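Below: the structure, in structure tokens.
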Ligand SMILES: Nc1ncnc2c1ncn2[C@@H]1O[C@H](COP(=O)(O)OP(=O)(O)O)[C@@H](O)[C@H]1O
Ligand SMILES: CC(=O)N[C@@H](CCC(=O)OP(=O)(O)O)C(=O)O
């Protein structure tokens, strides 16, 4: 079995994937088993708006009542997942779309039903299912929706789903592709950051919004022995030394 690389594509990143990305993906696929986890936050905001359903987030996590969950399924497991799969196939890359419901891929428990509604916390991943797809040279493309024991569907923050999947698979690398060059402090890109400094930046408000679940997910993955975790721009050339690498140890900045 090849080493595994998990790539998380944020909703903004999905809209600006370049030829460089697909070329790099093909190269990586020669060496690694690749798993893609996608988000779709901005697309969800847009669809909820069109349907006149009010929505809000707390620390980057969407409050998800039942009615919102229907739209989450529709947008993430429906249109976005299929769009990513078709785009990859158009580029000659074999891909299979899944949500966490399929084959009980992502099993969850509620994060806090009173506070967040149908938001799930990942408890287990159907690793053999992913391995069998990887063995056939497929890229599993995963929408961040999970099921609980009663087969109710839950919304999972895509960063936390990607980190959980990378942890369960003991992935070598986890990349968060997003719409910023990495973690910024004022106007400076931090090329490397550790746990302690992340907490400092959270405390002083430098890290906000969607960056909070992203760094929390990154730290979780590092704690679960994912060897390398990096936050980078979807427009970057995807080489070593770009973006922000999250480390466990002493901050080298
Ligand atoms: N210190 C920071 N450095 C970089 N981005 C930050 C920071 N704090 C907050 N952000 C915000 O986090 C966003 C990335 O998170 P998010 O929108 O959830 O992306 P994605 O859709 O890729 O998961 C950036 O667009 C930026 O607005
Ligand atoms: C629970 C929760 O917050 N789920 C996210 C799932 C999509 C996501 O994470 O998309 P991005 O990666 O584009 O932000 C949401 O509803 O927006």
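Placed from the backbone N, Cα and C atoms, the Cβ positions cover glycine too.
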According to TrEMBL, which candidate in 126, 155 joins 40, 41, 62 at the substrate site: 155
Intrachain C-beta neighbours of residue 155 (substrate binding site), sequence separation six or more, cut-off 8 angstroms: 62, 64, 68, 69, 72, 118, 119, 120, 144, 145
Residue from 8, 40, 41 whose C-alpha is spatially nearest that of residue 214 (site 'Transition state stabilizer'), among the recorded positions: 8
Residue 8 (site 'Transition state stabilizer') and residue 41 (substrate binding site), distance between Cα atoms, whole Å: 13
Where residue 155 (substrate binding site) sits in the secondary structure, as DSSP reduces it to three classes: strand
Entries of 8, 40, 41, 214 (recorded positions) sitting next to ligand 2, with Cβ under 6 Å as the cut-off: 40, 41
